[in-house]
Amino acid sequence: MIWHVQNENFILDSTRIFMKAFHLLLFHGSFIFPECILIFGLILLLMIDSTSDQKDRPWFYFISSTSLVMSITALLFRWKEEPIISFSGNFQTNNFNEIFQFLILLCSTLCIPLSVEYIECTEMAITEFLLFVLTATLGGMFLCGANDLITIFVAPECFSLCSYLLSGYTKRDVRSNEATTKYLLMGGASSSILVHGFSWLYGLSGGEIELQEIVNGLINTQMYNSPGISIALISITVGIGFKLSPAPFHQWTPDVYEGSPTPVVAFLSVTSKVAASASATRIFDIPFYFSSNEWHLLLEILAILSMILGNLIAITQTSMKRMLAYSSIGQIGYVIIGIIVGDSNDGYASMITYMLFYISMNLGTFARIVSFGLRTGTDNIRDYAGLYTKDPFLALSLALCLLSLGGLPPLAGFFGKLHLFWCGWQAGLYFLVSIGLLTSVVSIYYYLKIIKLLMTGRNQEITPHVRNYRRSPLRSNNSIEWSMTVCVIASTIPGISMNPILAIAQDTLF
């Protein structure tokens, strides 16, 4: 009898929860329509996987890519609509959030074709891989629009859990297991520190969780200049720092880059930074409005350490992926300049523009690494020597992406850095910009060192890996080539494209 009563209560409680969720989706679903498209794509993937065999693998790629493209289309149709706060204040929709969501969707759309050949060659499980990628994308999108502390914590955890699973996807690889373990342990520790900072904000504001209400609560309780705010600021900076991976919170980055499957590294290298940057701008700009001098100082220290350590250590690396890991640490230092400047001197606009270029430069480079690695089985920089003699197209495209990452004119990376540094200079960040300029010169050195290896024509310097290198017989139909071509074109866009891109970015400012 007791069991029947408990069972009935469980069914009633479950029904109430389901009806509440359905009610929220019915009345607020239009505000998260791009996210709903991805959720539908996830459900469709699971249904097809449970009812079909491995011969339907092309459908998995098609469904994933189509759902991402449709989500991008939904975002574009919603452009310039009035800002809306939905789900009882948990989620905010505005142009600023949507531009970051667009960047995350763009990353995922380019990463899926980049992964096709790798998955087929390594015989990885395709459905789970795509499910993790789409779920991580979904978590990143919700993080961009998060408007309260709970959503800001849950959304990145959704992204992080999928990231842990993706980084350890090749479970028979010892390096992958090591990378996943370090990633998981440090991620769990950083999440705990982040929640600790949120608890201070919650208590000091009188029990508020919405970002704007926290500011009002701090004013009402007169706690906006209390020592507790400093503790909250430091804790939250450490928590977000793990996601952005600036120095000294970068310890996980080189190992995860080296041990994880290369398409996974390509995905994580850009999406995590875009989502974390979107979250950082809102958290620092709204709840810590009265502590702007303090968080500016903290971010300046992180930017300087990242630009110096990232670029100097990258010079000494022999692995291509580890070199890009330290390079990405230096790159996030440049992005932090835009966060510090804020919207007063087009800091956010320049940051968004540079991140758009960084996506194309970084994914283009990783597309070349995937292609070369599948045909040679090596990641050592020395093994790229003489690649131009065997595959000029691959060598030239890799060289263009590396030069753009270094910021050489007239490539897109140069104009992105130029505008970012100019905004920093106008805001009075003279020392920070000077460090950025010097470290950019350092980065050009190690990029040019790789390009010199690519273009060498002396037989004694050509490695056995390149001598035995075979070009893809299906080059025109190769999905990696498609993704790489898009990235290379975007990386070499001349400066004439800067004005319309900046104008769009400036329209997003909240």
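Each Cβ is built from the backbone N, Cα and C atoms, and glycine gets one as well.
What Swiss-Prot says about this one:
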- 24-44: transmembrane segment (TRANSMEM)
- 59-79: transmembrane segment (TRANSMEM)
- 99-119: transmembrane segment (TRANSMEM)
- 124-144: transmembrane segment (TRANSMEM)
- 149-169: transmembrane segment (TRANSMEM)
- 184-204: transmembrane segment (TRANSMEM)
- 229-249: transmembrane segment (TRANSMEM)
- 295-315: transmembrane segment (TRANSMEM)
- 323-343: transmembrane segment (TRANSMEM)
- 347-367: transmembrane segment (TRANSMEM)
- 395-415: transmembrane segment (TRANSMEM)
- 418-438: transmembrane segment (TRANSMEM)
Is it true that the transmembrane segment (99-119) and the transmembrane segment (149-169) have 3 or more Cβ pairs under 8 Å, skipping pairs fewer than 6 apart in sequence?
no
Hey, which of 59-79, 149-169, 229-249, 395-415, 418-438 has the most Cβ-Cβ pairs under 8 Å against the transmembrane segment (184-204)?
229-249
Which residues of the same chain, at least 6 past either end of the transmembrane segment (347-367), have a Cβ under 8 Å from a Cβ in it?
96, 99-100, 103, 106-107, 110-111, 114, 262-263, 265-266, 269-270, 273-274, 277, 281, 324, 328, 331, 334-335, 337-341, 397-398, 400-402, 404-405, 412-413, 415-417, 419-420, 422-424, 427, 480, 483-484, 486-488, 490-491, 493, 498, 501-502, 505-506, 508-509
